[in-house]
Every structure is written in structure tokens, then in C-alpha cells.
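Straight from TrEMBL, the features:
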type	residues	note
DOMAIN	211-395	domain 'Major facilitator superfamily (MFS) profile'
TRANSMEM	44-67	transmembrane segment
TRANSMEM	79-100	transmembrane segment
TRANSMEM	106-126	transmembrane segment
TRANSMEM	138-162	transmembrane segment
TRANSMEM	168-187	transmembrane segment
TRANSMEM	217-238	transmembrane segment
TRANSMEM	244-265	transmembrane segment
TRANSMEM	277-296	transmembrane segment
TRANSMEM	302-322	transmembrane segment
TRANSMEM	334-357	transmembrane segment
TRANSMEM	363-387	transmembrane segment
Amino acid sequence: MRTYRALLALPGAAAFVTAGFVGRLPMAMRTLGCLLMVSALTGSYSLAGGVSAVFGIAMAVSGPFLARLADRHGQSRTLVWSALAHGAGVGVLVAAVVWGAPAWTYFPAAAVAGLTSIPMGSLVRARWAVVAGDRIQAAYALEAVVDEVIYILGPLLVVWLSVQLTPAAGLLGAVVLAVAGGLALAAQPRTAPRFAEARDEPRTGVIRVHGMKVLTAVYFAAGGLIGAIDVAAVKFAGEHQDPGAAGVLLALMTFASMVAGLTFGLLRWQLGLPRRLLLTAAVLACGSVPALFAGSVVTMCLAVLLLGVGISPLLVVGSALVESLVPRRGLTEGFAVVGSGVTLGMAAGSAAGGAFADLAGSAAAFGLATACGVLTVAVCAAGLRFLTPRPVPVA
């Protein structure tokens, strides 16, 4: 823990980590808050699911573009206008639903709200690349753990607000946090990456780097595993007449991932980053196998602990690879690209996992998760030579 305390003691680090935490807590609240609001006020789960899907997809699609704006024009400027535009977009969506506007209006409003949602995690990771020095692996491990904490606290907070106050309170709470965190981070320009040096260079996107294509595909496959596991856990708990066990299973998986991430960040490796990614992908895939054979809630608890061990380490190595593949002036965009990959993968895994679970039960959904794990390893192995750091100009 001394390493992590030393990281937070670096000039400006505690301040941007705190602002980043507040600003990205909504990433685990927005789509769920949208789902709760629309379903409660319209009575239609299909409409709620559709609007939430548009919101989530818009966030995933726009993330790399907003991150690139931050790389080219500075984080502070991009954060201010995107935070204000996001607040306005969510406000329009909430007003449309609460005041009973035609259902079709919810979709463009959700799209605007999603398109203006800046990827805060990418901005914070780019700052660590500036200040962390040789402690960068530990910094990325800390960020992976912060993400895990966010995905525990965010859903609890949004459900509490929506149930205890009003159906729209969850989404409104999320946007208040997003705007506050965004403006707080914008007020800290000293730790932000420099951007002026790239203005006169060719404008090419980081996705043109072959290694980034491979890494994004790896993140997509890993996201598919996570999305399928979420659905499989819910289905498994229902099959064993213990619906509440779903939350326990997912919490245990998250806990294992947090501990593994913190531990991984402290290790000193002789193995290069590409092979380290392959190793963590293999651990993730192998960790998903025991869930196929769990016959009770107790044995499934043990299985998901093993599964969680592979998640954060893979993301830690992935973050380090982004830094090695992409010039510093394109870092924010690079982090956002792989972040969108895992987000879209989770959405695809959740949708496919739901279909598999309906057709053949939780075992089929867990099988899909394992298949995604194998795909993660296969993509990583096939693209290993492209993951060797070869930075190219990215403006």
C-alpha cells in the first residue's frame, strides 16, 4: 500500500483522482438511471431498454472523438463545454419523459446526452502518464481498482435515488456528479498533458496504429465475457431460487478483481507487455471455466472469485500498452478507444448472454463467457507482433 500512498502524494495527483472519481461515478449510473426513469414513468420496459441502449451506444461511439478533442485542444477547454452540454442534454431527456412528450423524442435526447458524455477515465489515465514516472503500472492498477469501486457504488446510488426520491432522481444525480467532476478536473490544468506541440502535424487517429486495433479487439472480447457473466449470474441465482445471490456473486467477482489489480500493480515484471497481456488473457479465460461446473450458489461463489482474478490485471496491462503504442499527445484518445471497445463488448455480451440464457439456461450464458475468454486469448496471440511498441505520429 506504500506505493499507492506515494502515488497519491505526487503533486496534484490526489486532486485529479478525486475529481475523476466524482466525474466518472456516473458511468455506472447513467444507463441504469435512464432505464429506471423511463420504465417507471411510462410503464414500458421495451421503451426503457431502447432509450437506455441509445444512451449507452452514443457514449461508446463519441468517447474517442471527445478524447481526441481533449488531446488537440486541451482537457480543460473540452471538459467545460462537454460537461455543460451533457447537463443540458440530460435535462432535455428528463423533461421529455417527466412531461410526457412523444416517445420518439426520447431517442434523440438520449443520443445527445450520450454523445456529450466525455470519457473521464481516459483523461485521468492520461494525467497519470504525465506525473507517475516509473510508477505507471501501479497508477494504472489504482485506476482499475477505482473503476471496480465505481461499478459497485454507482448502481447502488442510482437505485436508491430513483426509489427513495423520484424516478428521475437517479439520472439527475448522475448528471450533477458528471458536471461537478468535469468542472473540477477542468480547474486543474497543471497536471493535464500538453497539447500545443501536435497542432502542425498530420491528423491521423490512434486506431490506425495496428497494435491499437488488436488491443481494442482484445478489450471487446473481454467485455463480451464480462457482459455475459453479468446475465449468467442473474439467471443462475434465479434457477437456484435465490435472486439475491446475483448481487453477491457479482460483488465477489468485483472484489477478486480489485485485490488482483492492486497486487498486480506492485509486481516487477521481466516479461514484456505483449506477452504479459497474453498471460493475463489466458488467466481470464481459464478463470471462466470453473463456473461451467458449479452446481450450487456456494460453489459458484468460489468460481466467480477465480474468474475475477483475471479482469483487472488484463486492463492494467492494456493501459500500459496504450501508453507504449500511442504518442503522448494521443493518449487520451487511445484510452477512450479501448474503453469504447470494452463497453461495446459488454453490451454485445449482455445481449447475447440474455438470449443464450433464455434458450438454454445459465450454463449456456457461462459457456458464452468462456468462449469470449478463448476469443480474447486468440485475438491477443494472433496480433502479438503488432503489440510491440512502435509509436507513430498521431495529431
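Placed from the backbone N, Cα and C atoms, the Cβ positions cover glycine too.
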Can the transmembrane segment (138-162) be said to touch the transmembrane segment (302-322) if we require at least 3 CB pairs below 8 Å and skip pairs under 6 apart in sequence?
yes
Apart from its near flanks, which chain residues at least 6 from the ends of the transmembrane segment (44-67) lie with a Cβ under 8 angstroms of it?
27, 30-32, 34-38, 78, 82, 103, 106-107, 110-119, 122-123, 205-207, 332-337, 339-340, 343-344, 347
So, taking each listed stretch (168-187, 302-322, 363-387) in turn and counting its Cβ pairs to the transmembrane segment (217-238) that are under 8 angstroms, which one gives the highest count?
363-387
Can you work out whether the transmembrane segment (334-357) touches the transmembrane segment (106-126), with the criterion being 3+ CB pairs under 8 Å where the paired residues are 6 or more apart along the chain?
yes
So what's the average pLDDT for the domain 'Major facilitator superfamily (MFS) profile' (211-395)?
86
List, by number or range, the same-chain residues at least 6 past the transmembrane segment (79-100) whose CB is under 8 A from its CB atoms?
34, 37-38, 41-42, 66, 70, 106, 109-110, 112-118, 123, 168, 171-172, 174-175, 178-179, 182-183, 185-186
